[in-house]
Each structure stands twice: as C-alpha cells, then as structure tokens.
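**Student:** Dropping a structure here in structure tokens format, bear with me for questions.
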Amino acid sequence: MSNPYDAPSEASKSDIVEQPRVSTWEQMKTTEDWWAIWCAGLILIVAFVAVWISVPANFFTAIDQGESVSISSPLKSWLAKPGKWTQNPVDAFYVAGDEGNSATMTYRGVLGAFVIIGVLFTVAMTIRKKNAIGFIKAFPVVFLLATVAYVLAGQSVIKAYNLEYALWALLVGLVISNTIGTPHRWRPAIMTEFFIKTGLVLLGAEVLMSRLMALGIPGIGVAWVVTPIVLISTFVFGQKVLKIPSKSLNMVISADMSVCGVSAAIATAASCKAKKEELSLAIGLSLSFTVVMMILLPLAIKAMGLPDDVGGAWLGGTIDATGAVAVAGATLGEEALEVAATVKMIQNILIGVTAFCVAAYWVAYVEKDSDAAKPGIGEIWYRFPKFVLGFIGASILFSILHANLAGGNLMIEAMIGGSTKTLRGWFFCLAFVCIGLETNFKQLLPYFRGGKPMILYVCGQSLNLLLTLIMAYLMFGVLFAESGQ
Amino acid sequence: MSHRRIRFLAVILAMLVVWGVVLPQLATTRTVRERTQWLEQHQIDPAAMYYTELPLMDRILADE
C-alpha cells in the first residue's frame, strides 16, 4: 500500500522521482515483498515440519487402514491470541481450571507470538540493513497495543455481534494518533505493509483449492460465477458512473463487498497498493453493512419462504464476513447454516485469484502512463507485487500436500489450526494498529465527500443480492434440487 | 496538562467505562446470555474473518 500522507489524487509526473532499477536478485535480498515471502515461508516450513515429526508412529498405517486419527501441532500451546472474556479481562489470558476442565493459559501463547514475530522481524531488519535497534525498542509497544485490541475484541458481547479485531486494532491506533500523537520513536516498528504482506503469504496456506468442490457445481455457481461478475461490474460502475477519483479505493470496496469482507479488502488493498485510509474506509463500510445484513437477510428469507438451502446459499454469497454468514445461517436452521458456511468457504478461496488478477491488472493497465504503450512482460514482472507470488505459491503447495500426501489433510489442518492461523491473525492485528497509528481523522474526511464510497457499496451490494439470489435459486432450487446438496 | 493529553485520558476513561462496566453488565442480561449460549451450541465465532476461524467448519467438512 502507498504512503498515507500521499494526496488522494494521482501523483503528478513532476512528483515522480525516477528510482534506479535493481535486479530481481537484489530485490530478493532487500525488498519488503520478498522478505514477506522469506519470513512467512520460514514460518510455514517450521510449522509443517513440527507437525510432521510429531505424528504418532502408527499414523501412516492408521491412515492406510482408514482408521480415524487425530493430531495437533506441538506449537499450539506456544502460540495464541487473548481469549474470550465476559466480566474480567484477565480471563483473556488465564482461566483457572475447575472440575474436569484444565486451566486455560493463553498468556504463554501470546508471549510465544511476541517472541517469534519479534525475533523474525529483527533478523529480517538486520539483514535488510534497516533500523533493527529501533525496531527492537518500539516493537513491544506496538505488540502491546495489538494485544489490547484483541482483548477489546474478545469481550463476549462485542464478539457476539461480529465486531472483528480489525476494527478495534484500528481504534486503538487512531486514539493515540489523534490525541497525543504517535511518538517518533515508535516509527521503526510501524511496518504496516510488511505485517500485511507476511500475514497474506501465511493466509495463502489456508486457501486450499481442494475445498472448492465441497458443494459441487451449485457452490461454484454461487461463489465463483456471481462473485467476479459483481466485482467487475461494481468497479466499472464506480469508474464510469460515480467517477470515484481513486481507482484503488473503488477496487478495495468492490472486492470486500463482493468477495469476503475484511480478508479480501486486505489482500486487494495490498495488490493494488491502496492507501491505508482507503483500506480503513472499506473495512468500516463492510463491517457496518455486515451487521445490518446479518439481521435483516434471514428475516427476508423467512418472509419470502425460500427453501433453507437456497436461503443459505444466498447468505453465503452476499454477507461479507465469514462469522456473520454463520450467524445468519444458523438462525434459519442446520441445513441453511451448513450451505451458507460452505458457500462462504468456497468464496474465501477466491481471494487468491482475486489478489493475483488485481495485481496483474494494476501493473499492466492502471499504473502505466495514459500516453504510454502497454508495458511488456519484463516491465510487468518488475512492477508486480512479488508477495502475491508467495501468497499463490503457498496456496498451490499446501493445496497439493492437503490433497495428495498420505494424511496430508490432517497434517495441514493441524499446522494451520495450531500455529499459522494464529500468527497470521497477529500480523493482521499489528498491521491495523499501525494503520491507526499512521492515520489522522482529517485524512479520512476527503473520502467521505459526496458519499460516493457508500453509494458504490450500496449499489454493488444490491446487484450482488439480486444476482446471487437468482443463481442460488437456479442452482439449489431448480437445476440441482434433487441432488440433496 | 496539555489539551491533547486531556483528550487522550478522556477517551481512555470512556473505553474503561464501556469495557469495564457497561459491556460486563450487558453480558449478564438474559438476551445476551442466551445469544452467547446459542453461538457456543452451534460452534460459531461471529468474529471469524476466514473459514479456518470458524469452529463449525471442522464438523461440516468431516461430514462430507
């Protein structure tokens, strides 16, 4: 993403300073994109090897014989985020055991995440010849703020109403930057892009292609046919009709509304180098409408008398946030819940393709001068955000291992559930704290003028609701109604 | 004390009141308790950002 202090309009040619070209080899040693790949790659290798070497001796025999086996990552107890609490925030870190239940000690996992991210990034900063000492001094403060954000998000009332940690992480940062101001000595640890890109490469391992056919063709129809149509239509509408000045803002809103909310917004914003304020605005819009849709859509489905599977598919294809989809589905019943959650999962997997296509479109068409010829392959490669390759590469590699390795599905799931998912959450939480610390409310105001972002969201979501309803009805109510899917 | 520090302390105080008093009180109401139990019963984390954060997906995918 670009610097928050850039003007909202495109930079003029006179502002652009020609940077000396560096070779790919040199980029691999120094740039943030490549270092995000190295850091996340190392985490993924260690996490997978930890599971691989800890499987029981009879694991592969049991798999061959079709027996049920359960495995977990040995790193699980050393990596955690603050847990849920209701009355006392200390419960987020430690809950004493009682009859039959062992004590919950998330504080150990929180410290583990702090040490791993701190050490990894300090080494990366040192090799990249950046201010590693400044990072070591400032990182504990930024990590503490991310922990506070997780504690705020973990309160049971907040958690029950779909208010994700991204919102509270932004709030924590914004409170500081807009009151006492962000101290200069914290700057070396405010590395929004590095945190986001590393988190995204880790997320790649969770984008498992083998999940795509979980609902067969009906699921693909709702999640992978309608979604790209809505995304492209909304983006074109934003450019041609609303004439939104910032293409990246238009793209981030279009993607987070059509694909899957915050996670899609993060991936797209990084791919099209959107400004931090644009990501904050898109996430704010998405979370606000998600809460409304989570309540109203199940009521509409009941009023329309739609079958549970059609209703579930409609919910899964339209509500942005994954958690909110499950809540809305569960209010309709078990079948609607399962269809809704599975459609959303299939749509989640679209993030990888979306990030790649947006990055390719941006370097080939948006970033080129209007009077220049279409850039060649070499130029596209040079400008392409390389972390997207790590994201896609992790997705392909772990999809193959998940589908083809003996017991691979169990090992990959143990790896994700026991370690990489937690670290990915920390990276995103740290990134949102950093965005808050770098954002001044005054910088957000120009984006609200004319209400165009909200009009874009409402129009795009209306199209999404209509097309998804038609496709859900066609797939689950007509063409595949007998298949029992 | 500077104007900026007063604003900062006011925001922190407001957050302490909301998270320390208001939300814990709300959590004891019947509506919220029932909703929390209902979510736990269905293994739903409403704040899940990605499908791997939804506990119920393990059950759904195992049933396939």
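Quick reminder: no glycine exception, Cβ is built from N, Cα and C everywhere.
Checked TrEMBL, it gives:
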type	residues	note
TRANSMEM	A:35-55	transmembrane segment
TRANSMEM	A:107-127	transmembrane segment
TRANSMEM	A:165-182	transmembrane segment
TRANSMEM	A:194-214	transmembrane segment
TRANSMEM	A:220-237	transmembrane segment
TRANSMEM	A:249-269	transmembrane segment
TRANSMEM	A:281-301	transmembrane segment
TRANSMEM	A:313-333	transmembrane segment
TRANSMEM	A:345-366	transmembrane segment
TRANSMEM	A:387-405	transmembrane segment
TRANSMEM	A:425-441	transmembrane segment
TRANSMEM	A:462-481	transmembrane segment
**Student:** Select the range from A:194-214, A:281-301, A:313-333, A:387-405 that forms the most Cβ-Cβ pairs under 8 Å with the transmembrane segment (A:425-441).
**Tutor:** A:194-214
**Student:** When you check the transmembrane segment (A:249-269) against the transmembrane segment (A:313-333), do you get at least 3 Cβ pairs under 8 Å, counting only pairs 6 or more apart in sequence?
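**Tutor:** They are in contact.
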**Student:** Do we see three or more Cβ pairs under 8 Å linking the transmembrane segment (A:281-301) and the transmembrane segment (A:165-182), pairs being at least 6 apart in sequence?
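**Tutor:** In contact, yes.
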**Student:** Does the transmembrane segment (A:194-214) reach the transmembrane segment (A:462-481) with at least 3 CB pairs under 8 A, where each pair is 6 or more residues apart?
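**Tutor:** Contact between the transmembrane segment (A:462-481) and the transmembrane segment (A:194-214): absent, because fewer than 3 Cβ pairs are under 8 Å.
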**Student:** Is the transmembrane segment (A:313-333) in contact with the transmembrane segment (A:462-481), using at least 3 Cβ pairs under 8 Å (sequence separation of 6 or more) as the test?
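**Tutor:** The transmembrane segment (A:313-333) and the transmembrane segment (A:462-481): touching, yes.
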**Student:** Can you find at least 3 Cβ pairs under 8 Å between the transmembrane segment (A:35-55) and the transmembrane segment (A:387-405), where each pair is 6 or more residues apart in sequence?
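**Tutor:** Yes, the transmembrane segment (A:35-55) and the transmembrane segment (A:387-405) are in contact.
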**Student:** Go through the chain and flag residues at least 6 beyond the ends of the transmembrane segment (A:387-405) whose CB is under 8 A from any CB in it; none is fine as an answer.
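**Tutor:** Answer is 32-34, 36-37, 40-41, 44, 48, 197, 200-210, 267, 270-271, 352, 355-356, 359, 411-413.
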